[in-house]
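Below: one structure, written as C-alpha coordinates.
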Amino acid sequence: MQRMLFPPLKALMGSPCVRLLVPRATPRTQYGCSCGIKRPWRPGQYSTISEVALQSGKGTVSLPSKAAEQVVGRWLLFCSGTVAGAVILGGVTRLTESGLSMVDWHLIKEMKPPTSQEEWEAEFQKYQQFPEFKIFGTENVPPFLWEIKISLNHDMTLAEFKFIWYMEYSHRMWGRLVGLAYILPAAYFWRKGWLSRGMKGCVLVLCGLVCFQGLLGWYMVKSGLEEKPDSHDIPRVSQYRLAAHLGSALVLYCASLWTSLSLLLPQHKLPETRQLLWLRRFAHGTAGLVFLTALSGAFVAGLDAGLVYNSFPKMGESWIPEDLFTFSPTLRNVFENPTMVQFDHRLLGISSVTAVTVLYFLSQRIPLPRRTKMAAVTLLALAYIQVGLGISTLLMYVPTPLAATHQSGSLALLSAALWFMNELRRVPK
(Lines of atoms letter the chains of each structure in order from A; the text may use other names.)
(Lines give C-alpha, C1' and ligand atoms only; values in the text may rest on other atoms or scores of the structure.)
Protein backbone atom coordinates (compact mmCIF):
# COMPACT_ATOMS: atom_id res chain seq x y z
CA MET A 1 0.00 0.00 0.00
CA GLN A 2 2.85 2.33 0.86
CA ARG A 3 4.49 1.71 -2.50
CA MET A 4 1.28 2.37 -4.39
CA LEU A 5 0.72 5.71 -2.68
CA PHE A 6 4.24 6.96 -3.22
CA PRO A 7 5.64 6.02 -6.64
CA PRO A 8 9.39 6.22 -7.30
CA LEU A 9 11.07 9.62 -7.82
CA LYS A 10 11.85 8.74 -11.44
CA ALA A 11 8.15 8.47 -12.21
CA LEU A 12 7.36 11.70 -10.38
CA MET A 13 9.88 13.71 -12.40
CA GLY A 14 7.72 13.28 -15.46
CA SER A 15 4.51 14.37 -13.72
CA PRO A 16 3.17 17.92 -13.95
CA CYS A 17 3.27 18.38 -10.20
CA VAL A 18 4.77 21.45 -8.60
CA ARG A 19 6.32 20.88 -5.18
CA LEU A 20 6.74 23.52 -2.49
CA LEU A 21 10.10 23.26 -0.78
CA VAL A 22 10.02 24.18 2.91
CA PRO A 23 12.61 24.45 5.71
CA ARG A 24 13.81 21.39 7.56
CA ALA A 25 11.71 22.40 10.57
CA THR A 26 8.58 20.75 9.01
CA PRO A 27 9.91 17.52 7.45
CA ARG A 28 6.98 15.24 8.30
CA THR A 29 4.11 17.38 7.04
CA GLN A 30 2.38 16.07 3.93
CA TYR A 31 1.86 18.37 0.95
CA GLY A 32 -0.27 17.92 -2.13
CA CYS A 33 0.39 18.62 -5.79
CA SER A 34 -1.66 19.32 -8.85
CA CYS A 35 -1.91 15.64 -9.76
CA GLY A 36 -3.40 14.71 -6.39
CA ILE A 37 -0.41 12.72 -5.05
CA LYS A 38 0.64 13.35 -1.44
CA ARG A 39 4.17 12.71 -0.25
CA PRO A 40 5.83 13.11 3.17
CA TRP A 41 9.04 15.11 3.56
CA ARG A 42 12.18 13.27 4.60
CA PRO A 43 14.32 14.92 7.30
CA GLY A 44 17.24 16.83 5.79
CA GLN A 45 15.84 16.45 2.28
CA TYR A 46 16.03 20.17 1.32
CA SER A 47 18.16 23.16 2.22
CA THR A 48 16.68 26.25 3.83
CA ILE A 49 18.67 28.61 1.58
CA SER A 50 15.91 28.81 -1.06
CA GLU A 51 12.37 29.37 0.12
CA VAL A 52 10.62 28.27 -3.07
CA ALA A 53 11.73 25.97 -5.86
CA LEU A 54 9.84 24.74 -8.88
CA GLN A 55 10.73 21.27 -10.11
CA SER A 56 9.92 19.66 -13.41
CA GLY A 57 11.40 17.12 -15.70
CA LYS A 58 13.70 19.84 -17.12
CA GLY A 59 15.37 20.51 -13.79
CA THR A 60 15.06 22.83 -10.78
CA VAL A 61 14.52 26.61 -10.91
CA SER A 62 15.29 28.27 -7.56
CA LEU A 63 13.84 31.62 -6.56
CA PRO A 64 15.60 33.75 -3.92
CA SER A 65 14.39 33.81 -0.34
CA LYS A 66 14.59 36.80 1.99
CA ALA A 67 17.89 35.50 3.31
CA ALA A 68 19.31 35.26 -0.22
CA GLU A 69 18.06 38.77 -1.01
CA GLN A 70 19.89 40.09 2.04
CA VAL A 71 23.13 38.44 0.89
CA VAL A 72 22.79 39.85 -2.61
CA GLY A 73 21.95 43.28 -1.19
CA ARG A 74 25.06 43.32 1.01
CA TRP A 75 27.17 42.21 -1.95
CA LEU A 76 25.89 45.07 -4.11
CA LEU A 77 26.41 47.51 -1.25
CA PHE A 78 30.03 46.34 -1.03
CA CYS A 79 30.37 46.68 -4.81
CA SER A 80 29.09 50.26 -4.70
CA GLY A 81 31.72 50.96 -2.05
CA THR A 82 34.47 49.65 -4.32
CA VAL A 83 33.21 51.87 -7.15
CA ALA A 84 33.25 54.87 -4.78
CA GLY A 85 36.85 54.03 -3.90
CA ALA A 86 37.76 53.90 -7.60
CA VAL A 87 36.16 57.32 -8.21
CA ILE A 88 37.99 58.87 -5.25
CA LEU A 89 41.32 57.29 -6.22
CA GLY A 90 40.82 58.40 -9.81
CA GLY A 91 40.24 61.96 -8.63
CA VAL A 92 43.48 61.92 -6.62
CA THR A 93 45.30 60.50 -9.64
CA ARG A 94 44.01 63.38 -11.73
CA LEU A 95 44.88 65.98 -9.08
CA THR A 96 48.48 64.72 -8.80
CA GLU A 97 48.91 64.74 -12.61
CA SER A 98 49.61 60.99 -12.53
CA GLY A 99 47.09 59.70 -15.05
CA LEU A 100 49.44 59.66 -18.07
CA SER A 101 52.41 57.96 -16.42
CA MET A 102 51.51 54.48 -17.73
CA VAL A 103 51.60 54.78 -21.50
CA ASP A 104 50.24 51.34 -22.46
CA TRP A 105 47.48 49.04 -21.32
CA HIS A 106 47.54 45.27 -20.80
CA LEU A 107 44.91 43.45 -18.79
CA ILE A 108 47.27 40.86 -17.25
CA LYS A 109 50.82 41.92 -18.12
CA GLU A 110 50.75 45.28 -16.37
CA MET A 111 49.60 43.75 -13.08
CA LYS A 112 53.24 43.09 -12.24
CA PRO A 113 55.05 46.38 -11.53
CA PRO A 114 58.74 46.89 -12.40
CA THR A 115 61.04 45.31 -9.84
CA SER A 116 64.60 45.99 -10.99
CA GLN A 117 66.41 49.23 -11.78
CA GLU A 118 66.59 48.26 -15.45
CA GLU A 119 62.85 47.72 -15.66
CA TRP A 120 62.16 51.10 -14.04
CA GLU A 121 64.55 52.83 -16.41
CA ALA A 122 62.84 51.21 -19.38
CA GLU A 123 59.42 52.32 -18.10
CA PHE A 124 60.70 55.85 -17.54
CA GLN A 125 62.13 55.98 -21.07
CA LYS A 126 58.76 54.99 -22.52
CA TYR A 127 57.12 57.83 -20.59
CA GLN A 128 59.71 60.30 -21.95
CA GLN A 129 58.53 59.64 -25.50
CA PHE A 130 55.10 61.17 -24.90
CA PRO A 131 53.89 64.79 -24.81
CA GLU A 132 53.47 65.14 -21.03
CA PHE A 133 57.24 64.79 -20.54
CA LYS A 134 58.29 66.58 -23.71
CA ILE A 135 56.33 69.79 -23.27
CA PHE A 136 57.65 72.06 -20.55
CA GLY A 137 58.21 75.74 -19.78
CA THR A 138 55.78 78.61 -19.24
CA GLU A 139 55.68 79.52 -22.93
CA ASN A 140 53.42 76.49 -23.48
CA VAL A 141 51.33 76.97 -20.34
CA PRO A 142 48.22 79.16 -20.00
CA PRO A 143 48.88 82.36 -17.99
CA PHE A 144 46.69 81.33 -15.07
CA LEU A 145 48.99 78.31 -14.48
CA TRP A 146 52.33 80.11 -14.60
CA GLU A 147 52.71 80.20 -10.82
CA ILE A 148 51.36 76.71 -10.26
CA LYS A 149 53.93 73.96 -9.79
CA ILE A 150 53.52 71.31 -12.47
CA SER A 151 55.55 68.21 -13.22
CA LEU A 152 55.96 68.80 -16.94
CA ASN A 153 59.73 69.36 -17.14
CA HIS A 154 62.93 67.55 -17.99
CA ASP A 155 64.14 67.73 -14.39
CA MET A 156 61.89 64.89 -13.27
CA THR A 157 63.85 62.24 -11.39
CA LEU A 158 63.19 58.52 -11.41
CA ALA A 159 61.85 58.76 -7.85
CA GLU A 160 59.32 61.40 -8.91
CA PHE A 161 58.29 59.24 -11.84
CA LYS A 162 57.81 56.25 -9.53
CA PHE A 163 55.36 58.28 -7.44
CA ILE A 164 53.07 59.23 -10.33
CA TRP A 165 53.43 55.74 -11.84
CA TYR A 166 52.33 54.06 -8.64
CA MET A 167 49.37 56.42 -8.37
CA GLU A 168 48.12 55.39 -11.80
CA TYR A 169 49.00 51.75 -11.12
CA SER A 170 46.93 51.80 -7.92
CA HIS A 171 43.96 53.22 -9.79
CA ARG A 172 44.16 50.57 -12.50
CA MET A 173 44.57 47.71 -10.03
CA TRP A 174 41.64 49.02 -8.01
CA GLY A 175 39.60 48.95 -11.21
CA ARG A 176 40.44 45.27 -11.64
CA LEU A 177 39.40 44.67 -8.04
CA VAL A 178 36.05 46.29 -8.80
CA GLY A 179 35.60 43.96 -11.77
CA LEU A 180 36.33 40.88 -9.66
CA ALA A 181 34.00 42.11 -6.90
CA TYR A 182 31.15 42.17 -9.41
CA ILE A 183 31.81 39.24 -11.72
CA LEU A 184 32.93 36.43 -9.38
CA PRO A 185 30.11 36.71 -6.80
CA ALA A 186 27.60 37.24 -9.62
CA ALA A 187 28.61 33.92 -11.17
CA TYR A 188 28.38 32.21 -7.77
CA PHE A 189 24.93 33.61 -6.92
CA TRP A 190 23.69 32.79 -10.41
CA ARG A 191 24.82 29.18 -10.03
CA LYS A 192 23.24 28.91 -6.57
CA GLY A 193 19.91 30.18 -7.89
CA TRP A 194 19.81 33.17 -5.56
CA LEU A 195 18.96 35.63 -8.34
CA SER A 196 15.44 36.16 -9.64
CA ARG A 197 14.86 36.70 -13.34
CA GLY A 198 14.76 40.47 -12.93
CA MET A 199 17.86 40.46 -10.74
CA LYS A 200 19.74 38.40 -13.32
CA GLY A 201 19.13 41.09 -15.91
CA CYS A 202 20.24 43.77 -13.47
CA VAL A 203 23.43 41.89 -12.60
CA LEU A 204 24.26 41.37 -16.28
CA VAL A 205 23.90 45.11 -16.91
CA LEU A 206 26.12 45.95 -13.90
CA CYS A 207 28.85 43.52 -14.98
CA GLY A 208 28.68 44.90 -18.52
CA LEU A 209 29.07 48.43 -17.17
CA VAL A 210 32.18 47.37 -15.25
CA CYS A 211 33.83 46.00 -18.39
CA PHE A 212 32.78 49.07 -20.39
CA GLN A 213 34.21 51.31 -17.67
CA GLY A 214 37.66 49.71 -18.00
CA LEU A 215 37.72 50.14 -21.78
CA LEU A 216 36.50 53.72 -21.48
CA GLY A 217 39.29 54.47 -19.00
CA TRP A 218 41.96 53.44 -21.50
CA TYR A 219 40.17 55.33 -24.29
CA MET A 220 40.35 58.41 -22.06
CA VAL A 221 44.06 57.97 -21.31
CA LYS A 222 44.87 57.61 -25.02
CA SER A 223 43.57 61.13 -25.64
CA GLY A 224 46.33 62.51 -23.41
CA LEU A 225 49.09 60.51 -25.10
CA GLU A 226 48.40 61.76 -28.62
CA GLU A 227 50.63 64.36 -30.25
CA LYS A 228 48.81 67.66 -30.89
CA PRO A 229 51.12 69.92 -32.94
CA ASP A 230 48.62 72.79 -33.13
CA SER A 231 47.98 72.87 -29.39
CA HIS A 232 49.98 74.98 -26.93
CA ASP A 233 48.11 73.74 -23.89
CA ILE A 234 49.28 71.35 -21.19
CA PRO A 235 48.98 67.72 -22.38
CA ARG A 236 45.87 66.35 -20.70
CA VAL A 237 43.11 63.88 -21.38
CA SER A 238 40.02 65.02 -23.25
CA GLN A 239 37.52 66.58 -20.87
CA TYR A 240 34.75 64.90 -22.87
CA ARG A 241 36.24 61.45 -22.34
CA LEU A 242 36.97 62.26 -18.70
CA ALA A 243 33.32 63.23 -18.19
CA ALA A 244 32.19 60.04 -19.94
CA HIS A 245 34.50 57.95 -17.74
CA LEU A 246 33.27 59.62 -14.57
CA GLY A 247 29.65 59.57 -15.72
CA SER A 248 29.67 55.83 -16.39
CA ALA A 249 31.27 55.23 -12.98
CA LEU A 250 28.54 57.31 -11.32
CA VAL A 251 25.83 55.39 -13.20
CA LEU A 252 27.38 52.10 -12.04
CA TYR A 253 27.60 53.41 -8.48
CA CYS A 254 24.02 54.69 -8.40
CA ALA A 255 22.57 51.53 -9.93
CA SER A 256 24.42 49.30 -7.45
CA LEU A 257 23.55 51.44 -4.45
CA TRP A 258 19.89 51.79 -5.41
CA THR A 259 19.49 48.02 -5.94
CA SER A 260 21.21 47.19 -2.65
CA LEU A 261 19.07 49.67 -0.70
CA SER A 262 15.92 48.26 -2.32
CA LEU A 263 16.91 44.76 -1.17
CA LEU A 264 18.16 45.65 2.30
CA LEU A 265 15.75 48.32 3.55
CA PRO A 266 12.17 47.34 4.36
CA GLN A 267 9.75 49.42 2.31
CA HIS A 268 7.46 51.95 3.99
CA LYS A 269 3.74 51.77 3.28
CA LEU A 270 3.15 55.49 2.91
CA PRO A 271 -0.33 56.85 2.08
CA GLU A 272 -0.39 57.94 -1.57
CA THR A 273 -1.36 61.57 -1.05
CA ARG A 274 -0.85 64.45 -3.46
CA GLN A 275 1.80 65.93 -1.15
CA LEU A 276 3.76 62.68 -1.17
CA LEU A 277 3.54 62.50 -4.96
CA TRP A 278 5.01 66.00 -5.33
CA LEU A 279 7.68 65.25 -2.73
CA ARG A 280 8.68 62.10 -4.59
CA ARG A 281 8.92 63.95 -7.91
CA PHE A 282 10.93 66.76 -6.36
CA ALA A 283 13.28 64.24 -4.76
CA HIS A 284 13.89 62.65 -8.16
CA GLY A 285 14.65 66.03 -9.70
CA THR A 286 16.98 66.97 -6.85
CA ALA A 287 18.90 63.70 -7.18
CA GLY A 288 19.26 64.33 -10.93
CA LEU A 289 20.56 67.84 -10.26
CA VAL A 290 23.12 66.52 -7.76
CA PHE A 291 24.24 63.94 -10.35
CA LEU A 292 24.61 66.64 -13.03
CA THR A 293 26.62 68.84 -10.66
CA ALA A 294 29.00 65.98 -9.89
CA LEU A 295 29.37 65.27 -13.62
CA SER A 296 30.17 68.91 -14.35
CA GLY A 297 33.09 68.55 -11.95
CA ALA A 298 34.76 66.35 -14.57
CA PHE A 299 34.91 69.31 -16.98
CA VAL A 300 36.29 71.50 -14.18
CA ALA A 301 39.01 68.92 -13.48
CA GLY A 302 39.72 68.25 -17.15
CA LEU A 303 40.31 71.93 -17.95
CA ASP A 304 41.85 72.95 -14.58
CA ALA A 305 38.97 75.43 -14.44
CA GLY A 306 39.23 75.65 -10.66
CA LEU A 307 42.32 77.83 -11.10
CA VAL A 308 40.73 80.50 -13.29
CA TYR A 309 38.85 82.67 -10.77
CA ASN A 310 39.70 81.96 -7.15
CA SER A 311 37.22 84.24 -5.48
CA PHE A 312 33.68 83.88 -4.17
CA PRO A 313 30.87 84.82 -4.58
CA LYS A 314 32.07 87.05 -7.42
CA MET A 315 34.36 85.85 -10.19
CA GLY A 316 37.12 88.40 -9.96
CA GLU A 317 35.55 91.85 -9.74
CA SER A 318 32.25 90.99 -11.41
CA TRP A 319 29.36 88.59 -11.01
CA ILE A 320 29.52 87.62 -14.68
CA PRO A 321 33.07 87.61 -16.12
CA GLU A 322 33.75 89.22 -19.47
CA ASP A 323 35.49 86.19 -20.97
CA LEU A 324 32.43 83.96 -20.59
CA PHE A 325 31.80 83.74 -24.36
CA THR A 326 35.25 84.00 -25.93
CA PHE A 327 35.02 80.79 -27.99
CA SER A 328 33.20 80.44 -31.29
CA PRO A 329 30.73 78.92 -31.89
CA THR A 330 29.02 79.84 -28.62
CA LEU A 331 28.20 76.27 -27.61
CA ARG A 332 31.94 75.46 -27.33
CA ASN A 333 32.17 77.73 -24.31
CA VAL A 334 29.97 75.41 -22.27
CA PHE A 335 32.43 72.52 -22.54
CA GLU A 336 35.80 74.05 -23.52
CA ASN A 337 36.03 77.53 -21.98
CA PRO A 338 37.47 77.19 -18.43
CA THR A 339 35.69 80.36 -17.31
CA MET A 340 32.29 79.14 -18.50
CA VAL A 341 32.91 75.67 -17.08
CA GLN A 342 33.66 77.09 -13.62
CA PHE A 343 30.68 79.45 -13.90
CA ASP A 344 28.34 76.56 -14.78
CA HIS A 345 29.68 74.43 -11.92
CA ARG A 346 29.03 77.27 -9.48
CA LEU A 347 25.47 77.70 -10.71
CA LEU A 348 24.79 73.96 -10.54
CA GLY A 349 26.24 73.76 -7.02
CA ILE A 350 24.11 76.66 -5.78
CA SER A 351 21.04 75.19 -7.49
CA SER A 352 21.67 71.81 -5.89
CA VAL A 353 21.96 73.12 -2.34
CA THR A 354 18.87 75.28 -2.89
CA ALA A 355 16.89 72.30 -4.16
CA VAL A 356 18.04 70.16 -1.21
CA THR A 357 16.97 72.89 1.23
CA VAL A 358 13.52 73.17 -0.34
CA LEU A 359 13.22 69.37 -0.37
CA TYR A 360 14.01 69.24 3.34
CA PHE A 361 11.34 71.78 4.28
CA LEU A 362 8.79 70.04 2.07
CA SER A 363 9.54 66.76 3.84
CA GLN A 364 8.84 68.42 7.21
CA ARG A 365 5.26 69.16 6.16
CA ILE A 366 4.42 65.47 5.68
CA PRO A 367 4.31 62.79 8.41
CA LEU A 368 7.17 60.49 7.45
CA PRO A 369 8.81 57.51 9.19
CA ARG A 370 11.81 58.17 11.41
CA ARG A 371 14.28 56.59 8.98
CA THR A 372 13.03 58.79 6.13
CA LYS A 373 13.43 61.90 8.27
CA MET A 374 17.00 60.83 9.08
CA ALA A 375 17.71 60.57 5.34
CA ALA A 376 16.35 64.10 4.79
CA VAL A 377 18.49 65.57 7.60
CA THR A 378 21.59 63.73 6.33
CA LEU A 379 21.02 65.03 2.81
CA LEU A 380 20.66 68.62 4.03
CA ALA A 381 23.79 68.45 6.20
CA LEU A 382 25.92 66.92 3.44
CA ALA A 383 24.72 69.53 0.94
CA TYR A 384 25.99 72.43 3.06
CA ILE A 385 29.22 70.62 3.92
CA GLN A 386 29.80 70.06 0.21
CA VAL A 387 29.24 73.74 -0.57
CA GLY A 388 31.70 74.71 2.16
CA LEU A 389 34.30 72.30 0.78
CA GLY A 390 33.82 73.63 -2.75
CA ILE A 391 34.25 77.27 -1.74
CA SER A 392 37.30 76.44 0.40
CA THR A 393 38.89 74.49 -2.45
CA LEU A 394 38.36 77.44 -4.78
CA LEU A 395 39.71 80.10 -2.41
CA MET A 396 42.81 78.04 -1.54
CA TYR A 397 43.78 77.39 -5.19
CA VAL A 398 42.75 73.73 -5.29
CA PRO A 399 45.07 71.98 -2.80
CA THR A 400 45.08 68.25 -3.45
CA PRO A 401 43.79 67.04 -0.02
CA LEU A 402 40.93 69.54 0.04
CA ALA A 403 40.02 68.99 -3.61
CA ALA A 404 39.98 65.21 -3.07
CA THR A 405 37.69 65.68 -0.05
CA HIS A 406 35.39 67.85 -2.17
CA GLN A 407 35.21 65.15 -4.83
CA SER A 408 34.46 62.53 -2.17
CA GLY A 409 31.74 64.80 -0.79
CA SER A 410 29.95 64.73 -4.12
CA LEU A 411 29.63 60.94 -3.82
CA ALA A 412 28.39 61.22 -0.24
CA LEU A 413 25.78 63.80 -1.29
CA LEU A 414 24.65 61.68 -4.22
CA SER A 415 24.37 58.66 -1.91
CA ALA A 416 22.17 60.57 0.53
CA ALA A 417 19.95 61.76 -2.33
CA LEU A 418 19.51 58.16 -3.50
CA TRP A 419 18.80 57.01 0.05
CA PHE A 420 16.06 59.62 0.53
CA MET A 421 14.60 58.86 -2.88
CA ASN A 422 14.61 55.15 -2.04
CA GLU A 423 12.75 55.82 1.20
CA LEU A 424 9.90 57.36 -0.80
CA ARG A 425 9.57 54.64 -3.41
CA ARG A 426 6.13 53.21 -4.13
CA VAL A 427 4.95 49.95 -2.60
CA PRO A 428 4.09 47.55 -5.45
CA LYS A 429 0.46 46.46 -5.50
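All positions are counted from 1 along the displayed chain.
Positions of Cβ are set from backbone N, Cα and C atoms, glycine also.
What TrEMBL records for 75-95 (among others) is transmembrane segment.
Taken from TrEMBL, the feature transmembrane segment applies to 173-190 (among others). Residues 68, 71-72, 75, 78-79, 82-83, 85-86, 89, 111, 200, 203, 206-207, 210-211, 213-214, 217 of the same chain sit 6 or more residues outside the transmembrane segment (173-190) yet have a Cβ under 8 Å from a Cβ within it.
Residues annotated as transmembrane segment in TrEMBL: 202-221 (among others). Sequence-distant contacts of the transmembrane segment (202-221), counting only residues of its own chain at least 6 positions beyond either end whose CB sits under 8 Å from a CB of the stretch, comprise 76, 79, 99-100, 102, 105, 172, 175-176, 178-179, 182-183, 186, 189-190, 195, 237-238, 241-242, 244-245, 248-249, 251-252, 255-256, 259.
Residues 69-70, 72-77, 79-80, 83-84, 86-87, 90, 94, 202, 205-206, 209-210, 212-213, 216-217, 219-220, 223, 291, 294-295, 297-299, 301-302, 371, 411, 414-415, 418-419, 422-423, 425 of the same chain lie 6 or more positions beyond the ends of the transmembrane segment (241-265) yet place their CB under 8 Å from a CB of it. Look at TrEMBL and you will find 241-265 (among others) tagged as transmembrane segment.
Under the heading transmembrane segment, TrEMBL lists 286-309 (among others). Outside the transmembrane segment (286-309) by six or more residues, the chain places 91, 94-95, 144-145, 148, 234, 236-239, 242-243, 245-247, 250, 254, 315-316, 321, 335-336, 338-339, 341-342, 344-345, 348-349, 351-352, 355-356, 359, 393-394, 397-398, 403, 407, 410-411, 413-414, 417-418, 420-421 with a CB less than 8 A from a CB of the stretch.
Positions annotated as transmembrane segment by TrEMBL: 345-362 (among others).
The transmembrane segment feature in TrEMBL is assigned to 374-398 (among others).
Per TrEMBL, the feature transmembrane segment maps to 404-421 (among others).
Comparison of 75-95, 374-398, 404-421 by number of C-beta pairs under 8 angstroms to the transmembrane segment (345-362) places 374-398 first. Sequence-distant neighbours of the transmembrane segment (404-421) (same chain, 6+ residues past either end, Cβ-Cβ under 8 Å): 84, 87-88, 91-92, 95, 250, 253-254, 257-258, 261, 280, 283-284, 286-287, 290-291, 293-294, 297, 352, 356, 359, 363, 372, 375-376, 378-379, 382-383, 385-386, 389-390, 392-393.
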